[in-house]
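Notes follow once the structure below has been shown.
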Amino acid sequence: MRFHIITIFPEMFDSYLKESIIGRALKNKYISIKFYNPRDFIKAPKVNKNNYRPVDDRPYGGGPGMVMRAEPILKAIEKALANIRKSKKTKPKAKSRSELRSATGIILFSPSGKKFTTAYAKGAVKKYTDIILISGRYEGIDARVGKIIKNWKLEIENLSIGDYVLTGGELPAMVLIDCISRQIPGVLGKYESLEEERVSSSVVYTRPEVLKHKGKNYRVPKVLLSGNHKKIDEWKKKQKTG
Ligand code: SAM
């Protein structure tokens with residue numbers, strides 16, 4: 001799976017993507033990640049007082065905050081699409097044009113979008129070879145970006161990672177990359193260790209069997225020490241349903 005991230009803050013991803021399972025998935029080439037900074041697609045070196053090439057402007061109709069302009073984002077998407085096309089050319093397996101098109105998903109983040117779920121992540125692994133993630137900032141992205149992508153007949157989805165408003169789409173992009181990557185066979189040590197594939201519970205215990213804390217003993221539930229896997233699974237299911 002190749003992730004193409006459109007963001008004005010690529011450095012935010014540095015430490016998260018380097019570590020642990022995702023770091024290993026990158027190293028072992030189960031996934032790859034490319035960044036496209038909309039600021040790099042502004043032609044005139046128009047630097048504002050903060051030394052930034054401004055990608056935002058005031059909203060039509062008034063209101064607080066700024067809106068991300070369409071043009072630099074569209075140029076960044078076009079660059080990602082060109083890279084995807086290039087990489088497909090080197091893969092003889094690729095068949096028709098429409099097949100190539102359908103193997104690319106474009107995701108626009110928005111707090112009011114469709115809720116991202118593990119089921120979505122599983123579907124994405126089956127459907128896509130490339131995902132373009134567009135991280136908004138400020139008050140969001142000029143709505144014409146979504147319209148233009150639809151005109152290109154590309155699959156686009158507005159996704160939310162939860163019912164709360166964040167300052168930007170970088171954390172949502174990391175959430176998606178993490179959740180989708182762990183669905184790729186081989187990324188986790190054993191595919192079977194995917195939580196969704198077995199009876200799992202968020203109520204878990206490890207050594208010691210009896211934890212002594214401030215004069216009290218805290219014991220591991222007996223059933224987990226019983227070796228009776230049927231009973232253990234029943235116990236775990238119960239924890240899940242409360
Ligand atoms: N008024 C805007 C709206 O309702 O869409 C809020 C924009 S928010 C401050 C800035 C950006 O953060 C959004 O464009 C989106 O990319 C991202 N974002 C914020 N909360 C999010 C969430 N819950 N899920 C996905 N993306 C989110």
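Every residue, even glycine, has its Cβ placed from backbone N, Cα and C.
Annotated features, as they stand in TrEMBL:
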BINDING   G136, I161, G162, D163, Y164, V165, L166  S-adenosyl-L-methionine binding site
DOMAIN    1-240  domain 'tRNA methyltransferase TRMD/TRM10-type'
Quick check on the binding-site residues G136, G162: which one has the highest count of other Cβ atoms within 10 Å of its Cβ?
G136
On the 0 to 100 pLDDT scale, where does the domain 'tRNA methyltransferase TRMD/TRM10-type' (1-240) sit on average?
91
Below 8 Å Cβ to Cβ and six or more residues apart, same chain only. Which residues does that give for L166 (S-adenosyl-L-methionine binding site)?
P111, P172
Give the helix, strand or coil assignment DSSP yields for L166 (S-adenosyl-L-methionine binding site).
coil
Enumerate same-chain residues with a sequence separation of six or more from I161 (S-adenosyl-L-methionine binding site) and a Cβ-Cβ distance below 8 A; give 'none' if the list is empty.
F109, K115, F116, L171, P172, V175, L176
